[in-house]
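What follows is a single structure, written as structure tokens, with notes after it.
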């Protein structure tokens, strides 16, 4: 039904890609595509290694497999459509496909944040309670943590889509981004969206806020434990591991928070900067995580080399 300049919802939206860089989009797509291919290869390799090697069925590697799966979903929910916009001018996205993208992006961003929190807890238990690690983080506890993180993502984010579908949309169908994101879709609604915005803030702070507090507390306690280690080599090794994990956490959370805050309060932020960062936040962590966690991890590295050697011979 429609009335005046309102329609209950349009059949599709128009995604502009990167407003301001329309002439460069064709070339920007090449590094984006390369990053996506690296993310696919790296994360599929980690999933395969953890699946076939029973020595890797430990909490750290199970969480790493969860992270790899989440990264595959996050990057694959946006990149194919993004490349279609950049290379073929395929800017139209069907209404339900757009809401599906909103769901997958926000639900799996929440899952990724939760998995990074679980990995920080795992490192804390491994360093501070090494003898009790396997009893504290038993297989059932790891499974429950994984399920809790997944359920939280789905339950917290599903209302985004239900709340939006109940609102009438204006005739403007243009989303000045490369993918459908909750706030970008909400800006096209011809009705009061304060409840939606408040709920968005609640989700952001209850998910990311909670996870960051747990991550920060875990690493502060880890660093305290590391500083009391008698061996200098052990301290350096532990610091190296923590530093790489903290880099992954920052690479994910800083652009995510910037994107979230820029939508609400960053009216001075140039749109091209906002859109580029919003794109990179769904591309850079999925590409970096397998390198930082996989290549730097001796067991994963050796397992991957063994698998490839077996296939070659």
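Our numbering is plain: 1 for the first residue shown, then up by one each step along the chain.
Note: Cβ is positioned from N, Cα and C throughout, glycine not excepted.
All TrEMBL annotations are machine predictions without curation.
Per TrEMBL, transmembrane segment is recorded for 26-49 (among others).
Taken from TrEMBL, the feature domain 'G-protein coupled receptors family 1 profile' applies to 42-293.
Feature annotation from TrEMBL assigns transmembrane segment to 61-79 (among others).
TrEMBL lists 99-121 (among others) with the feature transmembrane segment.
What TrEMBL records for 141-165 (among others) is transmembrane segment.
Summarising the annotation, TrEMBL assigns transmembrane segment to 201-226 (among others).
If you look up TrEMBL, you'll see 238-260 (among others) marked as transmembrane segment.
Outside the transmembrane segment (272-293), and at least 6 residues removed from its termini, the chain residues within Cβ reach (under 8 Å) are 18-21, 32, 35-36, 38-39, 41-43, 45-46, 64, 67-68, 71-72, 74-75, 78-79, 82, 105, 112, 176-179, 181, 244-245, 247-248, 251-252, 255-256, 258-259, 262-263, 266, 300. According to TrEMBL, the transmembrane segment annotation covers 272-293 (among others).
Model confidence over the domain 'G-protein coupled receptors family 1 profile' (42-293) stands at 88, taken as the mean pLDDT rounded to a whole number. For the transmembrane segment (141-165), the residues of the chain that approach it from at least six positions outside its boundaries are 9, 59, 62-63, 66, 99, 102-103, 106-111, 114-115, 117-118, 121, 182, 185-186, 189, 195-196, 199-200, 203, 206-207, judged by C-beta separation under 8 angstroms.
With a threshold of 8 Å between CB atoms, the same-chain residues lying at least 6 positions outside the transmembrane segment (99-121) that come near it are 60, 63-64, 66-67, 70-71, 73-74, 77-78, 81, 93, 137, 142, 145-146, 148-150, 152-154, 156-158, 160-161, 164-165, 179-182, 185, 203, 207-208, 210-211, 214-215, 218-219, 245, 248-249, 252-253, 256, 282, 285.
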